[in-house]
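TrEMBL annotations:
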BINDING   Gln255, Glu305, Asn355  S-adenosyl-L-methionine binding site
DOMAIN    277-340  domain 'Methyltransferase'
ACT_SITE  Cys383  active site, nucleophile
Amino acid sequence: EGRKKVRESCSLPESSWEERLANAVTPLWRLPYQEQLQVKYESQRKVLQTLASRLEELGIDAQKRGGLCCPLQPVVPSPIINGYRNKSTFSVNRGPDGNPKTVGLYVGTGRERNIVCVKANHVENIPSKHKQVAQCYEEFICRSPLDSCILFHEGGHWRELVVRTTSCGHTMAIITFHPQELGQEALATQKALLKEFFTCGPGAVCALTSLYFQESTMTRCSHEQSPFQLLHGAPHIFEELLGLKFRISPDAFFQVNTAGAEVLYQAVRELCQATGDTVLLDICCGTGTIGLSLAHRVSKVIGVEVVEKAIEDAEWNAAFNGISNCEFHTGKAEAVLPQLLASWEDARPLVAVVNPSRAGLHYRVVRAIRNCRAICRLLYISCKPEGEAMRNFLELCCPPDPRKKLVGEPFAPMLALPFDMFPHTVHCELVLLFTR
(Lines of atoms letter the chains of each structure in order from A and count residues from 1; the text may use other names and numbers.)
(Lines give C-alpha, C1' and ligand atoms only; values in the text may rest on other atoms or scores of the structure.)
Protein backbone atom coordinates (compact mmCIF):
# COMPACT_ATOMS: atom_id res chain seq x y z
CA GLU A 1 0.00 0.00 0.00
CA GLY A 2 2.81 2.40 0.98
CA ARG A 3 4.77 1.70 -2.21
CA LYS A 4 1.62 2.21 -4.30
CA LYS A 5 1.17 5.65 -2.75
CA VAL A 6 4.82 6.49 -3.49
CA ARG A 7 4.30 5.54 -7.14
CA GLU A 8 1.13 7.60 -7.29
CA SER A 9 2.76 10.63 -5.66
CA CYS A 10 5.84 10.43 -7.88
CA SER A 11 3.72 10.18 -11.03
CA LEU A 12 1.93 13.44 -10.30
CA PRO A 13 2.58 16.24 -12.81
CA GLU A 14 5.94 17.75 -11.99
CA SER A 15 5.03 21.40 -11.95
CA SER A 16 8.44 22.73 -10.96
CA TRP A 17 12.15 21.96 -10.85
CA GLU A 18 11.92 22.06 -7.06
CA GLU A 19 9.38 19.24 -7.14
CA ARG A 20 11.55 17.19 -9.51
CA LEU A 21 14.53 17.61 -7.17
CA ALA A 22 12.48 16.63 -4.11
CA ASN A 23 11.25 13.52 -5.95
CA ALA A 24 14.81 12.60 -6.98
CA VAL A 25 16.58 13.22 -3.66
CA THR A 26 13.82 12.48 -1.14
CA PRO A 27 11.33 10.25 -3.02
CA LEU A 28 9.24 9.49 0.09
CA TRP A 29 8.80 13.15 1.09
CA ARG A 30 5.03 13.17 0.47
CA LEU A 31 4.33 10.16 2.70
CA PRO A 32 3.49 10.48 6.41
CA TYR A 33 6.46 9.23 8.41
CA GLN A 34 4.80 6.02 9.65
CA GLU A 35 4.10 5.06 6.03
CA GLN A 36 7.73 5.76 5.12
CA LEU A 37 8.79 3.29 7.81
CA GLN A 38 6.39 0.67 6.43
CA VAL A 39 7.85 1.10 2.91
CA LYS A 40 11.33 0.55 4.33
CA TYR A 41 10.23 -2.47 6.35
CA GLU A 42 8.92 -4.07 3.16
CA SER A 43 12.18 -3.39 1.32
CA GLN A 44 14.21 -4.99 4.14
CA ARG A 45 11.85 -7.97 4.14
CA LYS A 46 12.64 -8.48 0.46
CA VAL A 47 16.38 -8.39 1.25
CA LEU A 48 15.97 -11.15 3.83
CA GLN A 49 13.76 -13.19 1.49
CA THR A 50 16.42 -12.92 -1.22
CA LEU A 51 19.13 -13.95 1.22
CA ALA A 52 17.05 -16.94 2.36
CA SER A 53 16.52 -18.17 -1.19
CA ARG A 54 20.19 -17.63 -2.12
CA LEU A 55 21.28 -19.59 0.95
CA GLU A 56 18.84 -22.36 0.04
CA GLU A 57 20.51 -22.57 -3.38
CA LEU A 58 23.77 -23.21 -1.51
CA GLY A 59 22.14 -26.09 0.32
CA ILE A 60 21.62 -24.15 3.55
CA ASP A 61 18.17 -24.41 5.09
CA ALA A 62 17.72 -20.79 6.11
CA GLN A 63 13.97 -20.55 5.56
CA LYS A 64 12.57 -19.29 8.85
CA ARG A 65 9.18 -17.71 9.51
CA GLY A 66 7.61 -16.03 6.49
CA GLY A 67 10.37 -17.14 4.12
CA LEU A 68 12.98 -14.93 5.79
CA CYS A 69 16.50 -16.03 6.66
CA CYS A 70 16.10 -14.72 10.22
CA PRO A 71 13.62 -12.68 12.30
CA LEU A 72 13.15 -9.08 11.14
CA GLN A 73 12.43 -6.40 13.74
CA PRO A 74 10.34 -3.28 12.96
CA VAL A 75 12.28 -0.33 11.52
CA VAL A 76 13.68 1.83 14.32
CA PRO A 77 12.57 5.42 13.57
CA SER A 78 14.92 8.38 13.36
CA PRO A 79 14.66 10.74 16.36
CA ILE A 80 14.83 13.65 13.88
CA ILE A 81 12.87 13.56 10.62
CA ASN A 82 13.64 16.90 8.94
CA GLY A 83 17.01 18.62 8.49
CA TYR A 84 18.84 15.67 10.04
CA ARG A 85 21.86 15.58 7.72
CA ASN A 86 25.16 16.66 9.30
CA LYS A 87 26.94 16.55 5.94
CA SER A 88 25.75 17.79 2.53
CA THR A 89 27.56 17.89 -0.80
CA PHE A 90 26.46 20.58 -3.25
CA SER A 91 27.40 20.58 -6.94
CA VAL A 92 28.08 23.52 -9.26
CA ASN A 93 26.49 23.37 -12.70
CA ARG A 94 23.91 24.99 -15.00
CA GLY A 95 20.61 25.75 -13.33
CA PRO A 96 17.15 25.65 -14.95
CA ASP A 97 17.64 29.33 -15.84
CA GLY A 98 20.94 28.59 -17.60
CA ASN A 99 23.14 30.08 -14.86
CA PRO A 100 26.36 27.98 -15.01
CA LYS A 101 27.20 28.96 -11.44
CA THR A 102 24.17 27.44 -9.73
CA VAL A 103 24.99 25.69 -6.44
CA GLY A 104 22.61 22.85 -5.66
CA LEU A 105 21.82 19.19 -6.36
CA TYR A 106 21.50 17.36 -9.66
CA VAL A 107 18.35 16.36 -11.49
CA GLY A 108 19.04 14.14 -14.51
CA THR A 109 22.01 11.97 -15.45
CA GLY A 110 25.29 12.34 -17.27
CA ARG A 111 24.38 9.41 -19.52
CA GLU A 112 21.22 11.18 -20.69
CA ARG A 113 23.10 14.50 -20.87
CA ASN A 114 20.15 16.21 -19.19
CA ILE A 115 21.75 17.29 -15.90
CA VAL A 116 20.32 20.40 -14.31
CA CYS A 117 21.56 21.79 -11.00
CA VAL A 118 18.66 22.90 -8.80
CA LYS A 119 18.94 24.90 -5.58
CA ALA A 120 18.13 22.73 -2.57
CA ASN A 121 16.35 25.33 -0.43
CA HIS A 122 13.18 23.20 -0.19
CA VAL A 123 14.78 19.75 0.34
CA GLU A 124 13.54 18.47 3.70
CA ASN A 125 16.52 16.42 4.88
CA ILE A 126 19.04 19.26 4.52
CA PRO A 127 19.33 21.68 7.48
CA SER A 128 18.94 25.42 6.99
CA LYS A 129 22.59 26.08 7.90
CA HIS A 130 23.77 23.97 4.94
CA LYS A 131 21.39 25.80 2.61
CA GLN A 132 22.69 29.15 3.91
CA VAL A 133 26.33 28.23 3.20
CA ALA A 134 25.39 26.97 -0.29
CA GLN A 135 23.58 30.24 -1.05
CA CYS A 136 26.60 32.26 0.09
CA TYR A 137 28.99 30.14 -1.98
CA GLU A 138 26.82 30.73 -5.05
CA GLU A 139 26.90 34.46 -4.38
CA PHE A 140 30.70 34.34 -4.13
CA ILE A 141 31.31 32.41 -7.34
CA CYS A 142 28.77 34.57 -9.25
CA ARG A 143 30.91 37.59 -8.29
CA SER A 144 34.11 35.79 -9.31
CA PRO A 145 35.58 36.38 -12.81
CA LEU A 146 36.61 32.70 -12.84
CA ASP A 147 34.23 30.19 -14.44
CA SER A 148 32.72 27.17 -12.76
CA CYS A 149 34.26 23.84 -13.70
CA ILE A 150 31.51 21.75 -15.26
CA LEU A 151 33.69 19.53 -17.49
CA PHE A 152 37.37 19.28 -16.54
CA HIS A 153 38.66 19.37 -20.12
CA GLU A 154 36.65 22.49 -20.93
CA GLY A 155 38.31 24.54 -18.18
CA GLY A 156 36.77 26.46 -15.32
CA HIS A 157 37.62 26.35 -11.64
CA TRP A 158 34.82 26.50 -9.05
CA ARG A 159 33.54 23.07 -8.12
CA GLU A 160 31.60 21.39 -5.34
CA LEU A 161 30.95 22.49 -1.77
CA VAL A 162 30.77 20.17 1.25
CA VAL A 163 29.16 21.47 4.45
CA ARG A 164 29.50 19.63 7.76
CA THR A 165 27.74 20.68 10.96
CA THR A 166 27.52 19.31 14.49
CA SER A 167 25.03 19.51 17.33
CA CYS A 168 27.66 21.58 19.17
CA GLY A 169 26.94 24.41 16.69
CA HIS A 170 30.10 24.00 14.58
CA THR A 171 30.10 24.47 10.79
CA MET A 172 32.81 23.37 8.36
CA ALA A 173 32.82 24.33 4.66
CA ILE A 174 35.10 22.57 2.15
CA ILE A 175 35.39 24.10 -1.32
CA THR A 176 36.83 22.11 -4.21
CA PHE A 177 38.68 24.06 -6.90
CA HIS A 178 40.18 22.88 -10.21
CA PRO A 179 43.50 24.78 -10.60
CA GLN A 180 43.70 24.21 -14.40
CA GLU A 181 46.75 26.30 -15.47
CA LEU A 182 46.68 28.84 -12.63
CA GLY A 183 50.02 29.61 -10.97
CA GLN A 184 50.62 29.79 -7.22
CA GLU A 185 50.16 33.58 -7.10
CA ALA A 186 46.77 33.43 -8.80
CA LEU A 187 45.72 30.56 -6.52
CA ALA A 188 46.78 32.54 -3.47
CA THR A 189 44.63 35.45 -4.67
CA GLN A 190 41.53 33.23 -4.98
CA LYS A 191 42.08 31.75 -1.53
CA ALA A 192 42.45 35.23 -0.03
CA LEU A 193 39.22 36.41 -1.71
CA LEU A 194 37.37 33.34 -0.49
CA LYS A 195 38.58 33.84 3.07
CA GLU A 196 37.68 37.54 3.00
CA PHE A 197 34.16 36.79 1.70
CA PHE A 198 33.41 34.27 4.47
CA THR A 199 35.04 36.21 7.31
CA CYS A 200 34.40 39.90 6.50
CA GLY A 201 31.98 39.86 3.55
CA PRO A 202 28.42 38.59 3.02
CA GLY A 203 29.50 35.03 3.86
CA ALA A 204 30.35 36.04 7.44
CA VAL A 205 26.67 35.40 8.26
CA CYS A 206 27.48 31.66 8.06
CA ALA A 207 29.80 31.97 11.10
CA LEU A 208 32.05 29.19 9.82
CA THR A 209 34.11 27.28 12.38
CA SER A 210 36.39 25.99 9.60
CA LEU A 211 36.89 26.98 5.96
CA TYR A 212 38.84 24.52 3.83
CA PHE A 213 40.06 24.70 0.22
CA GLN A 214 41.11 21.73 -1.89
CA GLU A 215 42.76 21.91 -5.29
CA SER A 216 41.60 18.84 -7.15
CA THR A 217 41.98 17.62 -10.73
CA MET A 218 39.94 14.47 -10.03
CA THR A 219 36.29 13.82 -9.29
CA ARG A 220 37.09 12.78 -5.71
CA CYS A 221 40.37 13.45 -3.97
CA SER A 222 41.69 12.26 -0.61
CA HIS A 223 43.79 14.41 1.73
CA GLU A 224 46.82 12.31 0.75
CA GLN A 225 46.26 12.99 -2.96
CA SER A 226 45.56 16.68 -2.52
CA PRO A 227 45.77 18.18 0.99
CA PHE A 228 42.85 20.06 2.48
CA GLN A 229 44.12 23.62 3.02
CA LEU A 230 42.71 25.45 6.06
CA LEU A 231 41.93 29.04 5.04
CA HIS A 232 40.18 30.11 8.23
CA GLY A 233 39.24 28.88 11.69
CA ALA A 234 39.86 25.65 13.54
CA PRO A 235 41.23 22.54 11.82
CA HIS A 236 38.47 20.33 13.27
CA ILE A 237 34.85 20.46 14.34
CA PHE A 238 33.54 18.49 17.31
CA GLU A 239 30.51 16.30 17.94
CA GLU A 240 29.09 14.76 21.10
CA LEU A 241 27.70 11.25 20.96
CA LEU A 242 26.66 8.95 23.82
CA GLY A 243 28.49 11.14 26.33
CA LEU A 244 31.75 11.15 24.33
CA LYS A 245 33.36 13.96 22.35
CA PHE A 246 34.52 13.27 18.78
CA ARG A 247 36.86 15.27 16.56
CA ILE A 248 35.97 15.41 12.86
CA SER A 249 38.39 16.11 10.00
CA PRO A 250 37.26 17.25 6.50
CA ASP A 251 37.11 13.77 4.95
CA ALA A 252 36.53 11.59 8.03
CA PHE A 253 33.49 9.30 7.94
CA PHE A 254 30.79 10.06 10.48
CA GLN A 255 27.20 8.78 10.35
CA VAL A 256 25.19 11.43 8.49
CA ASN A 257 22.37 11.41 11.07
CA THR A 258 23.89 12.06 14.50
CA ALA A 259 20.73 11.48 16.56
CA GLY A 260 20.03 8.31 14.56
CA ALA A 261 23.62 7.16 15.09
CA GLU A 262 23.16 7.34 18.87
CA VAL A 263 20.17 4.99 18.64
CA LEU A 264 22.04 2.69 16.24
CA TYR A 265 25.16 2.46 18.41
CA GLN A 266 23.12 1.79 21.55
CA ALA A 267 21.55 -1.18 19.75
CA VAL A 268 24.97 -2.38 18.54
CA ARG A 269 26.15 -2.19 22.15
CA GLU A 270 23.34 -4.54 23.23
CA LEU A 271 23.67 -6.95 20.27
CA CYS A 272 27.42 -7.38 20.82
CA GLN A 273 26.72 -9.00 24.21
CA ALA A 274 30.24 -7.94 25.14
CA THR A 275 31.63 -8.83 28.55
CA GLY A 276 34.61 -7.51 30.46
CA ASP A 277 37.02 -9.92 28.76
CA THR A 278 35.75 -9.38 25.17
CA VAL A 279 37.99 -7.98 22.45
CA LEU A 280 36.02 -5.83 19.97
CA LEU A 281 37.20 -5.73 16.37
CA ASP A 282 35.88 -2.52 14.74
CA ILE A 283 36.39 -2.86 10.97
CA CYS A 284 35.95 0.30 8.84
CA CYS A 285 35.94 2.22 12.13
CA GLY A 286 36.06 5.79 10.77
CA THR A 287 36.74 8.18 13.66
CA GLY A 288 36.25 5.32 16.14
CA THR A 289 32.67 6.08 17.20
CA ILE A 290 31.44 2.47 17.57
CA GLY A 291 34.56 1.11 19.25
CA LEU A 292 34.94 4.04 21.62
CA SER A 293 31.27 3.94 22.63
CA LEU A 294 31.76 0.27 23.61
CA ALA A 295 35.26 0.59 25.07
CA HIS A 296 34.10 0.76 28.69
CA ARG A 297 32.32 -2.62 28.29
CA VAL A 298 35.18 -4.60 26.74
CA SER A 299 38.79 -5.37 27.59
CA LYS A 300 40.16 -4.07 24.28
CA VAL A 301 39.11 -2.37 21.02
CA ILE A 302 41.00 -2.85 17.76
CA GLY A 303 39.99 -0.44 14.98
CA VAL A 304 40.89 -0.65 11.27
CA GLU A 305 40.32 2.23 8.83
CA VAL A 306 41.72 3.21 5.42
CA VAL A 307 41.48 7.02 5.88
CA GLU A 308 44.63 8.18 7.67
CA LYS A 309 43.09 11.41 8.98
CA ALA A 310 40.15 9.46 10.43
CA ILE A 311 42.57 7.29 12.41
CA GLU A 312 44.31 10.43 13.69
CA ASP A 313 40.88 11.61 14.83
CA ALA A 314 40.11 8.20 16.42
CA GLU A 315 43.36 8.28 18.41
CA TRP A 316 42.67 11.85 19.52
CA ASN A 317 39.10 10.89 20.45
CA ALA A 318 40.34 8.00 22.58
CA ALA A 319 42.92 10.15 24.38
CA PHE A 320 40.55 13.10 24.92
CA ASN A 321 37.84 10.85 26.37
CA GLY A 322 40.34 9.11 28.65
CA ILE A 323 39.99 5.76 26.87
CA SER A 324 43.20 3.74 26.97
CA ASN A 325 42.16 0.24 25.82
CA CYS A 326 41.95 1.04 22.07
CA GLU A 327 44.45 0.54 19.26
CA PHE A 328 43.88 1.73 15.71
CA HIS A 329 45.43 0.53 12.45
CA THR A 330 45.60 2.59 9.24
CA GLY A 331 45.27 0.83 5.90
CA LYS A 332 42.90 -1.09 3.67
CA ALA A 333 41.04 -3.69 5.72
CA GLU A 334 41.97 -6.38 3.16
CA ALA A 335 45.66 -5.66 3.81
CA VAL A 336 45.55 -5.10 7.59
CA LEU A 337 43.01 -7.66 8.81
CA PRO A 338 44.44 -10.91 7.39
CA GLN A 339 47.80 -10.12 9.02
CA LEU A 340 46.12 -9.16 12.27
CA LEU A 341 44.01 -12.33 12.50
CA ALA A 342 46.36 -14.91 10.96
CA SER A 343 48.46 -15.04 14.11
CA TRP A 344 45.58 -14.47 16.56
CA GLU A 345 46.23 -16.50 19.71
CA ASP A 346 44.41 -14.39 22.29
CA ALA A 347 42.12 -16.61 24.37
CA ARG A 348 39.62 -13.80 25.01
CA PRO A 349 36.30 -13.88 23.08
CA LEU A 350 36.45 -11.82 19.91
CA VAL A 351 33.40 -9.92 18.55
CA ALA A 352 33.57 -8.21 15.16
CA VAL A 353 31.60 -5.17 13.99
CA VAL A 354 31.89 -4.21 10.32
CA ASN A 355 30.52 -0.97 8.91
CA PRO A 356 31.69 -0.80 5.28
CA SER A 357 30.76 1.61 2.50
CA ARG A 358 28.20 0.65 -0.14
CA ALA A 359 30.93 -1.32 -1.93
CA GLY A 360 30.85 -3.85 0.93
CA LEU A 361 33.81 -5.78 2.31
CA HIS A 362 36.69 -7.03 0.17
CA TYR A 363 36.68 -10.83 -0.20
CA ARG A 364 39.97 -11.07 1.70
CA VAL A 365 38.33 -9.38 4.70
CA VAL A 366 35.45 -11.88 4.71
CA ARG A 367 37.93 -14.73 4.33
CA ALA A 368 40.01 -13.49 7.28
CA ILE A 369 36.87 -13.29 9.45
CA ARG A 370 35.67 -16.76 8.40
CA ASN A 371 39.08 -18.32 9.00
CA CYS A 372 39.51 -16.80 12.48
CA ARG A 373 37.94 -19.33 14.85
CA ALA A 374 37.90 -16.83 17.71
CA ILE A 375 35.16 -14.77 16.03
CA CYS A 376 31.82 -16.36 16.90
CA ARG A 377 29.71 -13.19 16.79
CA LEU A 378 29.63 -10.66 13.95
CA LEU A 379 27.55 -7.52 13.46
CA TYR A 380 27.33 -6.32 9.87
CA ILE A 381 26.04 -2.74 9.51
CA SER A 382 25.02 -2.10 5.91
CA CYS A 383 23.74 1.08 4.30
CA LYS A 384 22.85 -0.86 1.12
CA PRO A 385 22.06 -4.49 2.03
CA GLU A 386 20.53 -5.23 -1.37
CA GLY A 387 23.83 -4.34 -3.10
CA GLU A 388 27.36 -5.68 -2.67
CA ALA A 389 26.66 -6.48 0.99
CA MET A 390 24.50 -9.40 -0.21
CA ARG A 391 27.66 -10.96 -1.69
CA ASN A 392 29.33 -10.63 1.73
CA PHE A 393 26.36 -12.23 3.51
CA LEU A 394 26.60 -15.28 1.22
CA GLU A 395 30.39 -15.50 1.64
CA LEU A 396 29.95 -15.47 5.42
CA CYS A 397 27.28 -18.19 5.40
CA CYS A 398 28.31 -20.54 2.56
CA PRO A 399 29.79 -23.99 3.28
CA PRO A 400 33.60 -24.18 3.65
CA ASP A 401 35.35 -24.06 0.26
CA PRO A 402 39.08 -24.93 0.24
CA ARG A 403 39.38 -23.74 -3.38
CA LYS A 404 38.48 -20.22 -2.23
CA LYS A 405 40.53 -20.66 0.97
CA LEU A 406 37.30 -20.42 2.99
CA VAL A 407 38.09 -23.05 5.59
CA GLY A 408 36.40 -21.59 8.66
CA GLU A 409 32.96 -22.70 9.81
CA PRO A 410 30.10 -20.70 8.27
CA PHE A 411 28.10 -18.05 10.11
CA ALA A 412 24.31 -18.02 10.28
CA PRO A 413 22.05 -14.92 10.27
CA MET A 414 20.20 -14.71 13.58
CA LEU A 415 18.51 -11.30 13.68
CA ALA A 416 17.92 -8.32 11.40
CA LEU A 417 17.36 -4.86 12.85
CA PRO A 418 16.70 -1.98 10.40
CA PHE A 419 17.27 1.68 11.31
CA ASP A 420 15.88 4.68 9.49
CA MET A 421 18.95 6.87 9.26
CA PHE A 422 17.67 8.64 6.14
CA PRO A 423 14.04 9.84 6.47
CA HIS A 424 12.28 10.86 3.22
CA THR A 425 14.65 8.67 1.17
CA VAL A 426 14.31 4.97 0.28
CA HIS A 427 17.60 4.13 2.04
CA CYS A 428 17.71 2.17 5.27
CA GLU A 429 20.54 1.00 7.50
CA LEU A 430 20.38 -2.71 8.29
CA VAL A 431 22.16 -4.39 11.19
CA LEU A 432 22.50 -8.14 10.67
CA LEU A 433 23.66 -10.32 13.53
CA PHE A 434 25.62 -13.42 12.49
CA THR A 435 26.78 -16.14 14.89
CA ARG A 436 28.46 -19.55 14.66
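Just so it is clear, glycine is given a Cβ too, placed from its N, Cα and C backbone atoms.
The structure, with features from TrEMBL marked on it.
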| residue | record | CB count, 10 Å |
| --- | --- | --- |
| Gln255 | S-adenosyl-L-methionine binding site | 24 |
| Glu305 | S-adenosyl-L-methionine binding site | 26 |
| Asn355 | S-adenosyl-L-methionine binding site | 23 |
| Cys383 | active site, nucleophile | 19 |
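Secondary structure of the domain 'Methyltransferase' (277-340) per DSSP (helix as H, G, I; strand as E, B; remaining residues coil): 30 helix, 16 strand, 18 coil.
Averaged across the domain 'Methyltransferase' (277-340), pLDDT for the predicted model comes to 93. Residues Gln255, Glu305, Asn355, recorded as binding S-adenosyl-L-methionine, reach a greatest CA to CA spacing of 15 Å. It is 8 Å from the Cα atom of Asn355 (S-adenosyl-L-methionine binding site) to that of the residue listed as 'active site, nucleophile'. Across the structure, Glu305 (S-adenosyl-L-methionine binding site) and Cys383 (active site, nucleophile) are spaced 17 Å apart at their Cα atoms. Apart from the site residues Gln255, Glu305, Asn355, the chain places the Cβ of Phe253, Phe254, Cys284, Cys285, Gly286, Thr287, Thr289, Ile290, Ile381 no farther than 8 Å from the centroid of the site's Cβ atoms, the recorded S-adenosyl-L-methionine location.
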